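Visitor: Below you will find the structure I want to go over with you.
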Amino acid sequence: MLVLIRAVIGRDLRLAMRRQADIVAATFFFIIVVSLFPLGVGPDADQLRKLAPGVLWVAALLATMLSLPRLFADDHRDGTLEQLALAPQPLGLIVFGKVIAHWLVAGLPLVLLAPVLGIQFDLANDALAVLTLSLLIGTPALSGIGAIGAALTLGVRGGGVLLSLLVLPLYVPVLIFGAGAVDATVSGLGPQAHLSLLGALALGGVFFAPWPTAAALRIALE
Amino acid sequence: MHWNSLGDFLAMGNHGLYVWGSVAVMALLMVAEPMLLRRGRKKLVARLKRQLRAERSEARAASEPLTTTRRSHG
Amino acid sequence: MSNRVINWFRYASPQTFYPLAGKLIPWFWALAAIFGVAGLSIGFLLAPTDAQQGEGYRIIFLHVPASWMSMFIYLVMAFWAGTGLAFNTRLSGMMASALAPTGALFAFLSLWTGALWGKPMWGAWWVWDARLTSELILLFLYIGFIALQAAIDDPRRADKAGAILALVGVVNIPIIYFSVKWWNTLHQGASVSLTKAPSMAAMMLWGMLLCALACWMYSIAVALMRVRTIMLERERHTDWVRALLGERE
C-alpha cells in the first residue's frame, strides 16, 4: 500500500518537475496577490497587521484553485486515469497519493513563502510563526477538498471557473480556523484551539476526501 | 384583531417599508417561480410535439415509394 | 406485504410517477394556500406587537420559514442524491435537480428578509451574523450544485456528479455552521439573534409554524411541477412520453 502511494507521489512529482512553469506561475500569483493589498488599502502598519492573516489565507485559497484543474486533467487526457481506475488497487489510495503530490507541489511553496510575505505586513515573530504553521497544517486540507471539485469538473466545459464555484464555499472552515489562529495569537488568546481544529479538518480532508474523489472520477470516466 | 385602522396596518409601526418589502419580494418570487415553470413546460411540450410530428412524417415518407401519390392520413 | 413493496417501486418509475405527480400538485397548492392564509392572518392580523422589536418583528413569519426550508430542502436533496447513488433509480436524480432551484430561492429569500429585518433592528442591511453568513454559504452551495448540473450534458452523469457534491455539501454544512459561529463569537458580531424573538408568545409560534407548513407544501408542489418537466425532457424518446404527447394532439 505504501509502495503504491509512494509510486504515485514519485510519478506526479516527476511530471510536475517537467512543467515547472506551472508551479512557478501559481507561486508568483500568490506573491503578487498578497503584495497588491498594501497598494490597495494603504501602507498603514496597524491596518496591515490586522489584514495580514486574512489576506495571506485568501490568497493561498486562490493560488490552490489555480493548480487544481491540472490535478487529474493530464492523466485524463492521455488515458492514464482510465488505467489507474481499472487497476486492482483501490482508486482512493491512488487519489490519496495524488493529493499528497499536489500539496508538495502547490501547497508547500506557499507555506515556505508565507513568512517572507508576512514581513511585508509587519507581523510580529510569533504571529509569523503561527501563520506559517497554520498554512502548513491547513494547506493539505485545501488539496484534499479541492480534489473532489477537480474530479467533479473533469472534462466539463468551463471547468476552471466551475471548480472555484464548487470548492471555495467548502474552504470556508479552513479559512476561518487558519486566519483565526493568527488573529488569536495577535490578540493574546493563543492559537492552540484553532490549530487543533485546523488539524482535524486537514486529517478529514486528506483521508476522507479521496473516496468521494475516486467515486467522482469513476463517474467522469464512464 | 390587532389593528385599529388600515393605515396602522400599512404603517407597521414605522417599519412598513421593511415589512412590506419582505412580503412583496417573497410573494413576487413565489408567484413567479410556478408561472415560469408552467411556461417552460408548455414550451417543452410544444417542442416535443413538433419533433414527434416531424419524425412521424419522415418515417411515413420513407416507408412510401416515391412514385405513389400521397394518401391523406387520419 | 410484498405487494406493497412492489407498489412503491412502481411509483419510482417515471412512467407511473408522472401522472401521479400531476394529480397531487393541485392538492399541495390547496394546502399551501390554506396554511399560508391561516399563518399570515395570525402573523399579520392577530399576533400582538413585540415589546422590544415593535411591529418590525413580523418579518419572522417570512424569514424563519424561508430559512428552515432552505436548510431542509438541502437535506432532502442530499437524501435523494444518496438514494440515487445507492439504488441507481432514475427518479432520485430528477428529484434532486428539481429541488435545487427552490432551495436556492428560499436561501435567497431568507437573506433578503434577513437584511430587511436587520436594517431597523441593527441599523445595518447586512451584519456578519453567524446565521446570515451560513445562509449565504448555503446559497453558494446551491448555486454550485445547479451550475455543475448545468455544465454536464449527459443527464446520468450530471445526476451522479451532483449527488456526490450534494453529499459532500451535507457533510460540510454542520462544519461550516459551527466554524462560522465560532468565528462570529470571537469577533463579537451582532448580539441579537434573528430567530430568538424575545418573548415568543404561543400565537407567534403558531403563526410561524403555519407559515412554515405553507412553504413546505409550496416547495413540494413546485418541485413536483419541475420534476414533471425534467421527466418529459429526459424521457422524450420513450414510448410513454410519445404516447402522452400523441394523445394530446
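In case you wondered, yes, glycine gets a Cβ from its N, Cα and C as well.
Per TrEMBL, the feature domain 'Cytochrome c assembly protein' maps to C:25-187. Look at TrEMBL and you will find C:27-47, C:59-81, C:93-112, C:132-152, C:164-183, C:203-227 tagged as transmembrane segment.
Can you walk me through where each of these features ends up in the structure?
Guide: Counting residues 6+ beyond its ends, the transmembrane segment (C:59-81) has Cβ neighbours under 8 Å at 39-40, 43-44, 92-93, 95-96, 99-100, 102-104, 106-107, 109-110, 113-114, 116-117, 131, 135, 138-139, 141-142, 145, 162-164, 166-167, 169-170, 173, 194-195, 197, 204, 207-208, 211-212, 214-216, 219 in the same chain.
Same-chain residues lying 6+ beyond the ends of the transmembrane segment (C:132-152) with a Cβ under 8 Å from its Cβ atoms: 67, 70-71, 74, 77, 97, 100-101, 103-104, 107-108, 110-111, 114, 118, 126, 158-159, 161-162, 165-166, 169, 172-173, 176-177, 180-181, 184, 194.
Tertiary neighbourhood of the transmembrane segment (C:203-227): same-chain residues 17, 21, 24-25, 28-29, 31-36, 38-40, 42-43, 46-48, 60-62, 64-66, 68-69, 72-73, 91, 94-95, 98-99, 101-102, 106, 197, selected by CB-CB distance under 8 Å and a gap of 6+ residues from either end.
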Visitor: Are there residues at least 6 beyond the ends of the transmembrane segment (C:27-47) whose Cβ is under 8 Å from a Cβ of it, and what are they?
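Guide: Non-local partners: 58, 61, 201, 203-204, 206-215, 217-218, 220-221, 224.
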